[in-house]
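The feature Zn(2+) 1 binding site is assigned by Swiss-Prot to Cys70, Cys72, Cys85, Cys88, with sequence analysis given as support. What Swiss-Prot lists as Mg(2+) binding site is Asp461, Asp463, Asp465, and the listing cites sequence analysis. Annotation source Swiss-Prot lists Zn(2+) 2 binding site at Cys838, Cys912, Cys919, Cys922, citing sequence analysis.
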Amino acid sequence: MRDIFSFFEKPKDPLSFSAIRISLASPEKIREWSHGEVKKPETINYRTFKPERDGLFCAKIFGPVKDYECNCGKYKRMKHRGIVCEKCGVEVIQSKVRRERLGHISLATPVAHIWFLKSLPSRIGNMLDITLKDLEKVLYCEAYIVIDPKETGLMRGDLLSEERYLQLLDEYGDDKFSAGMGGEAILEMLKQVDVHGLAELLRTEMRAATSEAKRKKLAKRLKVVEAFRESGNRPEWMMLTVIPVLPPDLRPLVPLDGGRFATSDLNDLYRRVINRNNRLKRLLELNAPEIIIRNERRMLQEAVDALFDNGRRGKTITGPNKRPLKSLSDMLKGKQGRFRQNLLGKRVDYSGRSVIVVGPTLRLHQCGLPKKMALELFKPFIYNKLEERGYVNTIKSAKKMVEKERPEVWDILEEVISEHPVLLNRAPTLHRLGIQAFEPVLIEGKAIQLHPLVCAAFNADFDGDQMAVHVPLSVEAQMEARVLMMSTNNILSPASGKPIINPTQDIVLGLYYATRERKFEKGSYRADTLAFGEDGVAQGYLRGIYASLEEVRMAYDNGEVALHAGIRVRVPIIDDDGNPQLDEFGHVKRRIVETTVGRVIISEVLPKGVAFEYANKTLDKKALSALIDVCYRIHRNKETVLLADRLRTLGFDHAMRAGISICMDHMVIPPAKKVLLGEAQKEVERVVEQYQEGLITDGERYNKIVDIWASIADQVTTEMMAGIGKETVVDHETGKESIEPSFNPIYIMADSGARGSTQQIRQLAAMRGLMAKPSGEIIETPITANFREGLSVLQYFISTHGARKGLADTALKTANSGYLTRRLVDVAQDAVISEFDCGTLDGIRVAKLEEAGEVIQPLGDRILGRVALEDVVDPLTGEVLITANTELDEQAVRSIEDAGIEEVVIRSVLTCQLRRGVCALCYGRDLARGYRVNIGEAVGIIAAQSIGEPGTQLTMRTFHIGGTAARGKIEASYLEARTEGTVRLRRAVVQKKKDGTMVVMNRHGEIVVVDETGREREHNRLVYGAILKKADGERTKPGELLAEWDQFATPILTEVSGVVKFGDLIEGVSVQDRLDEVTGLSRKVVIESKAADVRPRISLKDPESGKTLKLPNSELEARYLLPVGAHIVAQEGDLIEAGEVIAKIPRDTTKVQDITGGLPRVAELFEARKPKDHAIISEIDGEVTFGKDTKGKRKVIITPYSPDGHALGDQAREYLIPKGKHIQVQPGDRVRAGDPLQDGPPNPHDILRVKGEKELSAWLVNEIQQVYRLQGVGINDKHIEVIVRQMLRRVRVREVGDTNFLVDEQVEKHIFEKENETVLERGGKPAIAEALLLGITKASLSTESFISASSFQETTKVLTEAAINGKTDDLRGLKENVIMGRLIPAGTGLPAYKRLQVVVEGEPVAQAPYVAPRPRPEETLTAVNEE
């Protein structure tokens, strides 16, 4: 009886284990797993199709082919369960055991496991201290190895050639030493290894080692030896004497028709191993000659290598069709491997897909599901209901009934579907909003209807996109779909916290049209219509003024007033929190506002508490977004959803009524275009003339011409927009004319944000402008025509470059972006909110973000939704505005900005002290929900998606412009004041020339504008060589010029007046006369010289004595070394004054900056790569001096100063800067730690070393944000911080102390801290480590979980490493749990929630609300633990 029960028992629940361990298998273990030895290479009998005995498919070893039936057919049926047939030896049992029973092959000679041999570093090699090359020689039978030298004077592990071996045998005899070749020799040596002794020996050697290289080598060996010591693995297990054989159903052999077979490659590989093994056994029995046996051994080793990892060593073994055979390693690796194909991505049942069409009448939580599709998807539910209702008695008849599509079936389908959410998904699913839940509504036809407002989240359009539908089956799944995934609960974007259900396209157009005002319409407000009679009684009435909003509606419905008429109306006054203001009698206060009829109609759909002001403006896309945002902040979910739906209906309705269409005449070409083009042409000619006279270089000419055309194109565009955007309106009553914003359809579309941009209209009606070559440079002759005038053949040809490049880029970059997302997800997957508060006392300082004096992001935007670390105090009154550890919500941010606070210290993920995961307070607000984050939220994955998703968007965005060269940020060449105040110079050295111009002579100067109270209003860095327009202490007004400079070249200025003398400027060696073909003029350019002692320079001599002049305030001489590529401006023998330019270093010509620069840049930052030609930065604060040059490199010395002003010479640091690089500092400059000494991009690892983790993370966040900002993509800083936190998880051990670490070992921070705590408790000396920045790929591969790392990249390497260390995976991350088939430990799968018991009392509720109630942040969940 018990057998019957055990037969029906469920498979092992994945929850029943808590960790998984990987280690090496000993030969005994393999034999223990095995159900028998495979002795023959035969598979199945090709006539009977029965497996051959002792072959690869043997039924005796692996189990029966048919359920409960032995091979010879003596025992059939269930009643003989568990009997072993005496005739054919097959156990009578279910055939599925053929999926789990292993066999084995006993090898005639030990072979090396290729993973431990070839996977670098070679573990066997490390264990025995033999190089891989020598090891292979021994294993592949090409040399002998000394196993035990005894008293011969040889060394253990020496290689001997054949002749030498024979010679030694003659000399000593075979009992005086032992040597061997092949697997046996290596196995013997590994057996002799004493792991503990070896570890001790290596540690002693390391202490004694002098050279760094030797220490590193010993540390590597020690690592492997330690791994074996701690894991309990034996070194000899890296050699195989027994090989396990995979269960046959995992490497099937399927007969095809026509007597052929389809087979798994593994069978071929096993067959080779068995054949060679049997042959070797036979040869050994026959005592064959040594050379034949050697050859056979080598072949066996090669066969086993191919089975484990084909192609790793030697030639790849190919099948009959010249295709490489897939080995066991290939089964795991890559996108098609076991991990990514079957464990991380599975196909699901109960799903369908179809084309989507727009559903303009759906509510936000609905989607239209075709009837036929629904019938198929909900079949089991329908069968169940049909039986319940008694329509049918069996499933079979239910099936028939459904197939006939009887009317009862449709009624039941309606019932089953109501309140049962389905999931819609559109590929590619780039962020979590790519899958959302909707309630299905049955529709005719075959296409799925989708609500237009969720298109932005899915990135869907209706040009043929397809979407998939999935049905959540269990009650729990349905509940999660409804509460967490319903489209109505995903109103805000998790990336930025802004609404994502913004109206787009027609809806925007309709609402914009409805809320525009048109002068002199029927029923407009007119102040001049009121006349008084002689008795002072009013005659007539005031037109266009209304007592209430309802009155306006009535007038409009009766045709008294037009939609666009400007009117006045009384409205209630509402405060910021959405409450109406009352007067002393308790009545609502009202006021009269100017508005239009359309705006009043729109205001009718606003929820109570949203002020009329939000509807009382022309509603373009931005205003609508703001309106939804405000509605969400005041009313939360339900009202916002209703508002969005109402706006959708109104928008479509008005767009239809407006009947907007476009034609050629709407593209008005500005009359000024001709004039402007003429002017530009003249300017270009002027520049060319300057070039021909030799005043400017070819590069400068190119830059200037491109600049001229870029600005002319902008001017023509401005003219055109002005022309399209304005029209003349005539008042029919008085005949007066007035110029008003126009209703030109093209203008309306762009202005409202519905479709198109200034960029595109400019191509239609102004000029196409500059285009880019395929190489990315800008062609200097622009396309002056526009599409209305039509392009000439040449112009059309130039245009095609851009268009083609756009398409090519898109294809390439989509892949890149997807890969970036994958790496980000992998590195951040285990960042989960695991506790409420970590109790940290550390945080980061945040101030407003400025660039080139312009505020890019105000302080409020940066701190919204974060948590304050300490009390925020008003600087003037000293009153505490916000207490520590409070979330900074909209109101708090407003009070901080009103108080004029410049910077706030907030808690950040970067400084969170939790060892695993992140705490809720350090993370702050959950952007997608708008309140504090819940415990269990998978913030790492959200961060990865938020960063990766726009990457793909951006890559796809390039080709819409059609390749018009949108020049990236052209660097500014001047600085204007933005506020009124007094100019102050800080740390700036200024030289006044004879003509009165002031030149900035140093690099770290700043110019500040202060107001009356002495508060700093703005401050900017001054560029070296800039010409100041305002002196220190001068007053300035907004818009006045403070300084200007040349943005195309960096000058080298002289600090003293004197005669120019060239040094080492030898024609053809260090300087070249670049002759300009066009102008015939030459210009000296410094080139790289081969000689080490040549140092091109310019010195300044005293005109009288001829001696080299000294620099001001120093003993150094006025010599200026010239970097490679510098253009020399001064002539030898000229008398020049201080502050003049003697040479220029040209900057690169501007290339088009689109996200091409962007994506690789983001990847480069996240991978923490060293940029090429990176800047050398100073590690300390101090004063600069120059030392003697060494090996053609310049020596810069920085000497620190003590607080009382003494130079600390013994702590000085020296830096060598390569010749030909431009040094940014001058002798005598004071530099701070982290300042660059030469130009070039900074190296993130240097920043970390010099300035620490906080500075580095601030820099990284800013650099990454810059790329996204350029594209107008908003991502919250905290997402990037989460990723940076994961990159900074590890430390590098510098000194080991009394811990078990090795020098230079990389360990997780929390393991390091834990180990140190243990050592300190014992009274030992702790280890010292330095922070380490890992790129995201490196960081993912070095996670604690080997399952997660191996499913990411380099599978074999990770598994090899893990097996040797005997690693245990505690299944803490998300990925490991998905692979093991468990619930992920995040969200509702959090261990804390698993123990929750839900008790239901009373009757079930008939109707569940479709909007999920949101847990208030105040109410904390109390868990009921089951005891």
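Note that Cβ sites are derived from N, Cα and C of the backbone, with glycine treated the same way.
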For this session: Enumerate the residues of the same chain, Cys70, Cys72, Cys85, Cys88 excluded, that satisfy the criterion Cβ within 8 A of the mean position of the Cβ atoms of the recorded Zn(2+) 1 site; list them in sequence order.
Result: Ala59, Asn71, Gly73, Lys74, Tyr75, Glu86, Lys87, Gly89, Val90
Seminar exercise, completed: Nearest to Cys919 (Zn(2+) 2 binding site) by C-alpha distance, among the binding-site residues Cys85, Asp463, Asp465, is Asp465
Exercise. Given the binding-site residues Cys88, Cys912, Cys919, which one's Cβ is surrounded by the fewest other Cβ atoms within 10 Å?
Worked result: Cys88
For this session: Using C-alpha atoms only, work out the spacing between Asp463 (Mg(2+) binding site) and Cys838 (Zn(2+) 2 binding site) and round it to an integer in Å.
Result: 50
Exercise. Tell me, by DSSP, whether Cys88 (Zn(2+) 1 binding site) is helix, strand or coil?
Worked result: coil
Problem set entry | Neighbourhood of Cys85 (Zn(2+) 1 binding site) by C-beta distance under 8 A, where only residues 6 or more apart in the same chain count | Cys70, Asn71, Cys72, Lys74, Tyr75, Glu91, Val92
For this session: Tell me the Cβ neighbour count for Asp463 (Mg(2+) binding site), meaning other Cβ atoms within 10 Å of its Cβ, over all protein chains shown.
Result: 6
For this session: Return the residue, from the listed binding-site residues Cys70, Cys72, Cys838, Cys922, with the maximum count of other C-beta atoms within 10 angstroms of its C-beta.
Result: Cys922
Exercise. How far is it from Cys88 (Zn(2+) 1 binding site) to Cys838 (Zn(2+) 2 binding site), counting Cα to Cα, in Å?
Worked result: 66
Exercise. If you run the three-state DSSP split on Cys919 (Zn(2+) 2 binding site), which class comes out?
Worked result: strand
Exercise. If we check Cα distances from Asp465 (Mg(2+) binding site), which of the binding-site residues Cys838, Cys912, Cys922 wins as closest?
Worked result: Cys922
For this session: Compute the C-alpha separation of Cys922 (Zn(2+) 2 binding site) from Asp461 (Mg(2+) binding site), stating it in Å without decimals.
Result: 38
Seminar exercise, completed: For Mg(2+), residues beyond Asp461, Asp463, Asp465 with C-beta within 8 angstroms of the site's Cβ centre include exactly Ile356, Ala460, Phe462, Gly464
Exercise. Taking the center of the Cβ atoms of Cys838, Cys912, Cys919, Cys922 at the recorded Zn(2+) 2 site, which other residues in this chain have a Cβ no more than 8 Å from that point?
Worked result: Glu835, Asp837, Thr840, Arg907, Val909, Thr911, Gln913, Leu914, Val918, Ala920, Leu921, Tyr923
For this session: Report, in whole Å, the straight Cα-to-Cα distance of Cys912 (Zn(2+) 2 binding site) from Asp461 (Mg(2+) binding site).
Result: 41
Seminar exercise, completed: Across all protein chains shown, the one of the binding-site residues Asp461, Asp465 with the most other Cβ atoms within 10 Å of its Cβ is Asp465
